Amino acid sequence: MIFSTLEHILTHISFSIVSIVITIHLITFLVDEIVKLYDSSEKGIIVTFFCITGLLVTRWISSGHFPLSDLYESLIFLSWSFSLIHIIPYFKKNVLILSKITGPSAIFTQGFATSGILTEIHQSVILVPALQSEWLIMHVSMMILGYAALLCGSLLSVALLVITFRKNRQLFYKSNGFLNESFFLGENVLQNTSFFSAKNYYRSQLIQQLDYWSYRVISLGFTFLTIGILSGAVWANEAWGSYWNWDPKETWAFITWIVFAIYLHTRTNRNLRGANSAIVASIGFLIIWICYFGVNLLGIGLHSYGSFPSTFN
């Protein structure tokens, strides 16, 4: 009873803090001069990380097993992973871009986990025999950490595509408008061109940062995903007598791995970096959600214990 109450308190405290952090981010996005608010939001994410950590530890003690046995627990761990990705580079002082991704991601997963949709699986239950293994922590934690990093990196790539598209569109309109205006505006054209060049330079720098961070984060996530798949194969051989069974979850995890392997391969070609590789990462973003949520909607296969409640199947 005590652990259940403590878990309930920590869940809603962490969700409330993340909600406040998102509000602060929106305010600082509109008013750049409010620096103290941004610092408060960074500290809020750190507090959220420790709250979710306490929640996981509390659930671990109360259930007797590491809390990664169902969808609710994996969502909490996913939210914890987003918070971890946020605070690790915090001390580098140049993570404003990354924080814009990890903050909303944390509140989305935390909000969905604490919503009424998953009420039926909030309570911890006895592990099914297939999950009663030391491989549970290794396999599932690596997979969730991999998903979190890949989702963050993919969202950075999506942002890169949006900014690149807007930049190219404005360049197109500006080049056409410049020919018409040059006959009428005279010296004003030079002033407008200088302003446009400065703005274009800022966007180019932003695109480079997005490309840099998306590659770094996706590389980290790909490493976690690879370890998770390999450890899962070893665990599957011990539990079911086969390293690979082409279960829906396994199949989509393999597809996810292939997509991001293609992304990393495109990065080796200088001509395919930037927008081209970002397109592949954006496709990977959709594939991850199919693998993580879409397969759970089916509730079939060897991984059906991680599906939605029976009322949704």
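Any Cβ shown, glycine's included, is placed from N, Cα and C.
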Looking at the ranges 111-131, 174-194, which is given as transmembrane segment in Swiss-Prot?
111-131
Top stretch among 44-64, 217-237, 244-264 for CB pairs under 8 A with the transmembrane segment (143-163)?
217-237
